[in-house]
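If you check TrEMBL, you get these features:
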- LYS16: active site (ACT_SITE)
- ASP172: active site (ACT_SITE)
- PRO127, VAL128, ALA129, ALA130, GLY131, ILE132, GLY133, GLY134, GLY135, SER136, ALA137: ATP binding site (BINDING)
- 95-179: domain 'GHMP kinase N-terminal' (DOMAIN)
- 237-307: domain 'GHMP kinase C-terminal' (DOMAIN)
Amino acid sequence: MQAAAIAHSRRMAPAKVNLALHVVGRRDDGYHLLESLVVFDDSAADEIGLCPLDRALGSGEDEAGEESAASVGGPADRLTVSGRFAAGVPALKGNLVLAAIELAREEFARFDLHLPLLDVALTKNLPVAAGIGGGSADAAALLALLAEAAPHEIGPEVGKALAAASLRLGADVPMCLAGRPALVTGIGEAIRPLPAMPPLPMLLVNPGIAVETAAVFRMLGRRDNPPMPPVPADGFSSLGDLLGFLAETRNDLALAAGALAPEVEIARARLLAAGAAFARMSGSGATVFGLFGDDDERDEAARRIAAAEPGWWLSRSPA
Ligand code: ATP
């Protein structure tokens with residue numbers, strides 16, 4: 001078996017924003033069928049750093065993070081978590097980053113590739129259980145880094161295998177791996193990139209309440225809502241076009257999330273009162289995005305909301 005060449009590497013794991021999210025059915029196996037228009041916010045991102053564990057241990061570096069993982073009963077990959085939201089992230093079992101390494105190890109083995117033990121540093125800048133796919137973004141960033149470690153000749157095949165397998169980690173992981181504006185359907189596996197998306201002066205607002213995705217799905221009244229109108233094949237050429245389209249769409253999780261966390265509606269109302277042309281919850285909440293006519297309007301809204309709600313997490317995009 002050939003060993004994969006793991007280099008010291010890093011990658012940003014940007015937040016995913018569901019501009020629209022329709023729940024259009026449920027399969028017999030329980031997975032929900034979704035239609036979602038997604039974009040990524042490069043200015044709100046976790047960061048993943050990666051190196052082989054032996055090199056990390058040999059270097060004599062101190063552990064910089066607030067938490068680290070070691071195995072019970074055998075050698076294991078190591079995960080060190082730091083950053084503003086580190087405390088909300090499981091460091092041992094249950095962290096999607098560790099699950100992604102396991103998945104990659106299985107997929108690598110199919111190509112007769114050995115993945116050595118890894119030392120991963122996660123800087124958790126994104127709020128956890130916030131509807132912006134933080135864990136999925138982390139897992140996707142890790143898979144993207146590992147795909148680069150495959151030998152050149154089989155790199156594309158390994159990349160494809162990792163992308164296909166990533167759905168097993170969660171419905172949002174394949175779209176985070178794609179990492180660009182897209183229409184996502186099925187249970188998250190069908191991704192149609194959009195050729196055009198205008199610059200979006202956007203403000204993300206999280207009122208500091210974690211919302212459990214499974215709880216929101218359990219609360220859903222309907223699972224067979226009307227589909228999204230057809231997304232134009234060439235994407236959207238202006239903010240006006242996009243806003244016209246969004247007016248015909250929904251987030252079908254918003255009502256259930258709002259019942260669990262009334263702060264969602266408060267955050268949305270704050271964005272609209274501060275001048276957003278459009279505001280809607282992302283994913284299963286509680287993060288709400290606002291779209292603005294321009295960056296100045298967005299910045300003014302950010303100042304007003306930060307002054308009124310100093311404990312809330314805000315992110316401006318583009319930064
Ligand atoms: P989605 O929009 O995909 O439903 P989310 O943004 O609502 O995701 P995440 O931040 O991904 O939620 O967290 C969901 C759950 O995953 C949390 O309960 C958290 O403990 C767990 N989790 C595991 N690994 C991670 C990670 N690396 N980052 C954040 N959460 C993680």
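In case you wondered, yes, glycine gets a Cβ from its N, Cα and C as well.
Heads up, TrEMBL stuff is auto-annotated, nobody curated it.
Values in this document were obtained by computation on a predicted structure and should not be read as measured data.
The structure, with features from TrEMBL marked on it.
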| residue | record | contacts (Cβ under 8 Å, 6+ apart) |
| --- | --- | --- |
| LYS16 | active site | VAL38, VAL39, PHE40, ASP41, ILE132, GLY133, SER136, ALA137, ASP172, MET175, CYS176, SER282, GLY283 |
| PRO127 | ATP binding site | PHE85, GLY88, GLY134, ASN206, GLY208, ALA210, THR287, TRP313 |
| ALA129 | ATP binding site | GLY88, ALA210, VAL211, GLU212, THR213 |
| GLY131 | ATP binding site | ASN18, VAL211, THR213, ALA257, MET281, SER282, GLY283, SER284, GLY285, ALA286, THR287 |
| GLY135 | ATP binding site | VAL89, ASN95, LEU96, VAL97, VAL128, GLY170 |
Practice task
Return the members of ALA129, GLY131, GLY133, ALA137, ASP172 (the recorded positions) with CB less than 6 angstroms from at least one atom of ligand 1, or none.
Solution key: ALA129, GLY131, GLY133, ASP172
Fill in the blank from the handout: Its residues classified by DSSP, the domain 'GHMP kinase N-terminal' (95-179) shows 53 helix, 8 strand, 24 coil
Handout entry: Residues of the domain 'GHMP kinase C-terminal' (237-307) by DSSP state, where helix covers H, G and I
Key = 39 helix, 9 strand, 23 coil
Handout entry: Model confidence over the domain 'GHMP kinase N-terminal' (95-179) (mean pLDDT, whole number)
Key = 96
Practice task
List the other residues in this chain whose Cβ sits within 8 Å of the Cβ centroid of the ATP site residues PRO127, VAL128, ALA129, ALA130, GLY131, ILE132, GLY133, GLY134, GLY135, SER136, ALA137, in sequence order.
Solution key: ALA15, LYS16, LEU126, GLY283, THR287
Exercise for the section: Specify the count of other C-beta atoms within 10 Å of the C-beta of ASP172 (active site). Expected result: 29
